[in-house]
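A.B. asks: Residues annotated as region 'Disordered' in Swiss-Prot: 14-36. As annotated by Swiss-Prot, domain 'Radical SAM core' applies to 70-308, with the evidence given as sequence analysis. Under the heading [4Fe-4S] cluster binding site, Swiss-Prot lists CYS88, CYS92, CYS95, citing sequence analysis as support. Swiss-Prot lists CYS164, CYS233 with the feature [2Fe-2S] cluster binding site, giving sequence analysis as the kind of evidence.
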Amino acid sequence: MNPLLERLCARLSDTIPPGTETPYASPSHARTEEAPWSGITGEEALAVARLPASDILDILAVAQAVRSARKGPLATTCGIVNAKSGRCGEDCAFCAQSSHHDTGAPVHALLGPDALLRHAEELARAGVRRFGIVTSGNALSEREFDAVCHAARLLRDRVDIGLCASLGQLATGSAESGNRGERARRLKDAGISSYHHNLETARSFFPQVCTTHPYDDDIATVREAARAGLRTCCGGILGLGETWEHRVELALTLRELDVDSIPLNFLHPVPGTRLGHRSPLPPMEALRAIAVFRLLHPQRDILVCGGRETTLGQWQSWVFAAGANGLMVGNYLTTAGRALAEDMEMLAALGVGEIPRNGEEARA
């Protein structure tokens, strides 16, 4: 094994909780009670990223050992609904819903509560643990926001599933409301327990991806959600043309924000977008990226989301070996995912149990 990976294994042995068995820690090894290991350093992450391809299985083994020690054998699942689609004024280079692109993506107004209820019930019946209401655009109007809160209260009372919202910016003012700072608290009161808002990429690479809002708006929204007591779900998209330095920069920003859950997406190139010409990441590079994020974030939920079918193909089940402990299942915003039953069967075949929903409400 590469000496760097051997050192990481030794560190893992020193920091796992008592009684936890992993491939790299013997029961007799001295351990601290609850070592506050926050993960490897940025320099170490870049070193792991640059190890030769022949080391990939060892990299995955170390990441899986960290996952096993810190997150256990259980996984989380989530599904989303495209509750408001298209006509987005942002110019995100990857996005089929941007009005700056001609992609033929679906366009529709905010779905009503009955439609959202049907989507949530379908996912709950399949055993999915969380349901996300996702809308296009920088932020919702006050009327739209009120409608989402009304629907959330209905879902909270009718469906046994955790509720997540992804409604754009929360922390800046709007012409209609004057203050979106209250929105996070209103969502929590309505039964939403988690707020999703991706940074998409590193601050230093962001101008290559989006020019219609500043990176600090996204940072402020994540912080606003956390201040309101919502779990924060925040990650990005890999394969936009960023370097490993950018990926590690993003991961360290997420560590600074102390987010609860990190969704990792992979670019699914859509014709008509500025990145429609790009090729998907090679599968082994994608798995290495998941492993690096796990080593940087040993305590957090890491979910593999959009683009996994295109990027990973037959390697999709390996995301757990790479350190992930969750999947987004079903369809995505404008692209079809794998059949829901197929994903749930894969989880069962892998012996990956599901985190009880009440176990997801508290911070890891």
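Here the Cβ of each residue, glycine as well, is placed from N, Cα and C on the backbone.
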A.B. asks: Please report the Cα separation of CYS164 ([2Fe-2S] cluster binding site) and CYS95 ([4Fe-4S] cluster binding site) in Å, rounded to an integer.
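C.D. replies: Per the Cα atoms, CYS164 ([2Fe-2S] cluster binding site) and CYS95 ([4Fe-4S] cluster binding site) stand 21 Å apart.
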A.B. asks: Looking only at C-alpha atoms, tell me how far CYS88 ([4Fe-4S] cluster binding site) is from CYS233 ([2Fe-2S] cluster binding site), rounded to the nearest Å.
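C.D. replies: Between the Cα atoms of CYS88 ([4Fe-4S] cluster binding site) and CYS233 ([2Fe-2S] cluster binding site), the distance comes to 21 Å.
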A.B. asks: Would you list, in sequence order, the residues of this chain other than CYS88, CYS92, CYS95 that have their CB within 8 A of the centroid of the site's CB atoms, where the site is the one recorded for [4Fe-4S] cluster?
C.D. replies: GLU90, ASP91, PHE94, ALA96, GLN97, SER98, HIS100, HIS101, SER136, CYS210
A.B. asks: So if I draw a 10 Å sphere around the Cβ of CYS92 ([4Fe-4S] cluster binding site), how many other Cβ atoms end up inside it?
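C.D. replies: A count of 25.
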A.B. asks: Taking the Cβ of CYS88 ([4Fe-4S] cluster binding site) as centre, how many other Cβ atoms lie within 10 Å?
C.D. replies: 23
A.B. asks: Quick check for the class: what is the C-alpha distance, in angstrom and rounded, between CYS233 ([2Fe-2S] cluster binding site) and CYS95 ([4Fe-4S] cluster binding site)?
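C.D. replies: Cα-Cα distance, CYS233 ([2Fe-2S] cluster binding site) to CYS95 ([4Fe-4S] cluster binding site): 19 Å.
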A.B. asks: So if I measure Cβ to Cβ from CYS95 ([4Fe-4S] cluster binding site) and keep only same-chain residues at least 6 apart in sequence, which ones fall under 8 Å?
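C.D. replies: The answer is CYS88, HIS101, THR273.
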